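Here is the structure we will look at.
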Amino acid sequence: MTKKMRRVGKYEVGRTIGEGTFAKVKFARNTDTGDNVAIKIMAKSTILKNRMVDQIKREISIMKIVRHPNIVRLYEVLASPSKIYIVLEFVTGGELFDRIVHKGRLEESESRKYFQQLVDAVAHCHCKGVYHRDLKPENLLLDTNGNLKVSDFGLSALPQEGVELLRTTCGTPNYVAPEVLSGQGYDGSAADIWSCGVILFVILAGYLPFSETDLPGLYRKINAAEFSCPPWFSAEVKFLIHRILDPNPKTRIQIQGIKKDPWFRLNYVPIRAREEEEVNLDDIRAVFDGIEGSYVAENVERNDEGPLMMNAFEMITLSQGLNLSALFDRRQDFVKRQTRFVSRREPSEIIANIEAVANSMGFKSHTRNFKTRLEGLSSIKAGQLAVVIEIYEVAPSLFMVDVRKAAGETLEYHKFYKKLCSKLENIIWRATEGIPKSEILRTITF
C-alpha cells in the first residue's frame, strides 16, 4: 500500500482531524521538538474568492492577543505560494460535546468545573476587548487532564474604536442571544454571557433549552427566554441560569456577578493568564501581504493506488478513539470522539458499502482517493449535514475508517453515525475476531 509523507517547513503533516467549508485541520509533528500540533490549512484562492482576508487576519490576530491556559494557543502562521497554515496547540481530549454525548449529561460538580474554566477564558477575552460570538460545546475542547480549551475564533470581533455595539448576526442559532437575532446593535460581552448560560444548561441537562424544528419557532422561544429546567437541577444552579438567560441584555448578569454567585464559587480556583508576551504580527503581514521570500517549503509525496498508510505517531494519537483497546492502555475517564471503525474488508468494498447505505439514507456521495463526502438533509429536515469518510491502512489487511462531520449540527451528526454503523455491521471488524496484538504492533510503520 502507499505511504504519504508531507512536510510543511519543520512540520511533518499527517491525517485530517477536522474539516469545514473553508479549511482543513491536520495532525502534525514538529520535527525539531517532537511536539504534536494541529495545523489549520486554507487555500489562498478560496480566501480571496470568498473575500475572507480580513476575517482570517482578525482570527489570527485575536488568537495571538488572547493567550490563556483555557484557550487553544496559536504558535505561528506560515504560507506556501498557494496555502496558509495556522499552527495551533493540539488538544487531545476531544470536544466537550463528545463527553456530553457519551454520558448523556454531566454531574453538577463536573459541570461547575468546566463552567468556571469557560467563564475564566471568556472574561480574559473580554478584558482584551475580544468577543467570541460563537460559543458552543463543539468549540470547547478538553486536554488530557480534562481541562477546557476554547477554540475557533473565526467569528470573533474586536470593536472599532469609539463603537460600543456590534451589528453582525453570528453564531449557531440555538446558542445566540435574543438581541443578536434582532439585527440591532448589541453588546458582545452580554451576548457571550448568554451563550455561556446555554452551554451550562446543555452540559447539565443533556439537551438544549431552546429547540424547535423550524427557525421562526426557535427564534420565538429564544426571544421570550421560554425554557424550563429539569427536576435534577439544584435550586442554586436554576437561579444562576435564569439570571444568565435573561432576554434583556441590560439586566442580564455580567461576568463579575457570575463570579460572585455562590454556586459558581464552590471549589473555584481562578486561573492565571499566561504572562504577557509581546504580540508580534509580522508573520500575519508576511502571509497576507506577499512579502518576497516569506514562503515555507512544502513537500508532498503521494500516489493514489491505495489508502494512506498510517504511521506510528498518528496511531498513538488515535489509540484511545480506536476500538482496539488491547493495543494500548486506556484511561476510563478519557472520552474522545469515537466516530471511526475498523474493517478487514478491501477498501473498494468498504467504499461500495458506505455509498450504498448512504444513498439508501437519502445522502449523495462523491469519492476520490479513498475519501468519500456525503451530503444530505439532517433527520429533523432543518439543515444540511455533510460527512467526510476517509480510509487508512493501520496494518496489512486492517483498515481504519474515519468518519467526521464537515457541516451541520453535531447532535444530528452523531445520530447519523449510529444509523450508518448499524447498517454497516457486515464490514465492521470487532477486536474479538482474533488478530493478535503482537501482529498489529509489529506491522505499524515507523
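The backbone N, Cα and C atoms fix where each Cβ goes, glycine too.
Swiss-Prot lists region 'Activation loop' for one of the ranges 12-39, 124-151, 152-179, namely 152-179. Per Swiss-Prot, the range carrying the annotation region 'PPI' out of 276-305, 336-365 is 336-365.
Counting every protein chain shown, the Cβ of Ala23 (ATP binding site) has 18 other Cβ atoms within 10 Å. Mean pLDDT for the domain 'Protein kinase' (11-264) in the predicted structure: 84. Across the range of the region 'PPI' (336-365), the DSSP-based residue counts are 14 helix, 6 strand, 10 coil. Reported as a whole number, the C-alpha separation between Glu19 (ATP binding site) and Asp134 (active site, proton acceptor) equals 17 Å.
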